[in-house]
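Asks: Below are the structure tokens for one structure; questions will follow.
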Ligand code: URA
């Protein structure tokens, strides 16, 4: 079974079409990223463990299912991943947030890690790594390497992005086959500057208005 989940719900596709428009302003871009992230977060939490509890309604006693207190962490890859944190926290308000600072060297196009700060008990948590764009997969894999080095089981990591491409998906699947990937769109390909086509441009610049 493939570990790639493309969340192509009509509402998600509609919002993604708006997000790609080069004329969309910063505020609307940010709002849409949050909204789309919530749809992705809904899917990524689909298999959270549940437990049964006794509830008394105004009419009778009943047994119902609630989430079994799974410890979660959301790990945005800076800077663009920050744009997806609020959407995830809307669904998982008690989750801890760890940050992974990464920038892309514009000559080598290789990611460089400059910051890594996670909750102390990160190895006991399910970690949802978020980054809007899965391009070469270099940043995501470096983030996974850093988490695994701190004792996180790859099976406890999930990766969520807005736009992916075949090159990035292949790299992740070859190197981290146990990590489930959730994306709102699988685009055509990378260009020579490692931007996704058709894509949406530089997600960080569009989120923070630094174009
Ligand atoms: N990062 C982006 O922000 N956009 C791309 O297309 C690829 C990487």
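Placement of Cβ uses the backbone N, Cα and C atoms for every residue, glycine included.
Computed from a predicted structure; not experimentally measured.
Per TrEMBL, 5-phospho-alpha-D-ribose 1-diphosphate binding site is recorded for 79, 104, 131, 132, 133, 134, 135, 136, 137, 138, 139, 202. Residues or ranges marked as uracil binding site by TrEMBL: 196, 201, 202, 203. According to TrEMBL, the feature domain 'Phosphoribosyltransferase' maps to 7-210.
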Asks: About how far apart, in whole Å, are the alpha carbons (Cα) of residue 201 (uracil binding site) and residue 133 (5-phospho-alpha-D-ribose 1-diphosphate binding site)?
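Replies: Cα of residue 201 (uracil binding site) to Cα of residue 133 (5-phospho-alpha-D-ribose 1-diphosphate binding site) measures 9 Å after rounding.
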Asks: Of 133, 135, 139, 196, 203, which binding-site residues come close to ligand 1, meaning Cβ under 6 Å from one of its atoms?
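Replies: Near the molecule: 133, 135, 196, 203.
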Asks: State the Cα to Cα distance, in Å, between residue 137 (5-phospho-alpha-D-ribose 1-diphosphate binding site) and residue 203 (uracil binding site), rounded to an integer.
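Replies: If we compare the Cα positions of residue 137 (5-phospho-alpha-D-ribose 1-diphosphate binding site) and residue 203 (uracil binding site), the gap is 15 Å.
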Asks: Which residue, of the binding-site residues 137, 201, has its CB surrounded by the fewest other CB atoms within 10 A?
Replies: 201
Asks: What Cα-Cα separation, expressed in whole Å, is found between residue 133 (5-phospho-alpha-D-ribose 1-diphosphate binding site) and residue 203 (uracil binding site)?
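Replies: Here the two Cα atoms lie 7 Å apart.
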Asks: Between residue 79 (5-phospho-alpha-D-ribose 1-diphosphate binding site) and residue 202 (uracil binding site), what C-alpha distance do you get in Å?
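Replies: Roughly 11 Å, rounded to the nearest whole number.
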Asks: What whole-number Å value do you get for the CA-CA distance of residue 135 (5-phospho-alpha-D-ribose 1-diphosphate binding site) and residue 202 (uracil binding site)?
Replies: 11
Asks: Roughly how many angstrom lie between the C-alpha atoms of residue 196 (uracil binding site) and residue 139 (5-phospho-alpha-D-ribose 1-diphosphate binding site)?
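Replies: Residue 196 (uracil binding site) and residue 139 (5-phospho-alpha-D-ribose 1-diphosphate binding site) have their Cα atoms 14 Å apart.
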Asks: Which state, by DSSP, holds residue 196 (uracil binding site): helix, strand or coil?
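Replies: Its secondary structure by DSSP: strand.
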Asks: With the 5-phospho-alpha-D-ribose 1-diphosphate site defined by the record as 79, 104, 131, 132, 133, 134, 135, 136, 137, 138, 139, 202, how many Å span the farthest pair of C-alpha atoms?
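Replies: The widest Cα-Cα gap among those binding residues is 17 Å.
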Asks: Rounded to an integer, what is the Cα-Cα distance in Å between residue 202 (uracil binding site) and residue 139 (5-phospho-alpha-D-ribose 1-diphosphate binding site)?
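Replies: Their Cα atoms are separated by 15 Å.
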Asks: Can you tell me how far the Cα of residue 203 (uracil binding site) sits from the Cα of residue 139 (5-phospho-alpha-D-ribose 1-diphosphate binding site), in Å?
Replies: 14
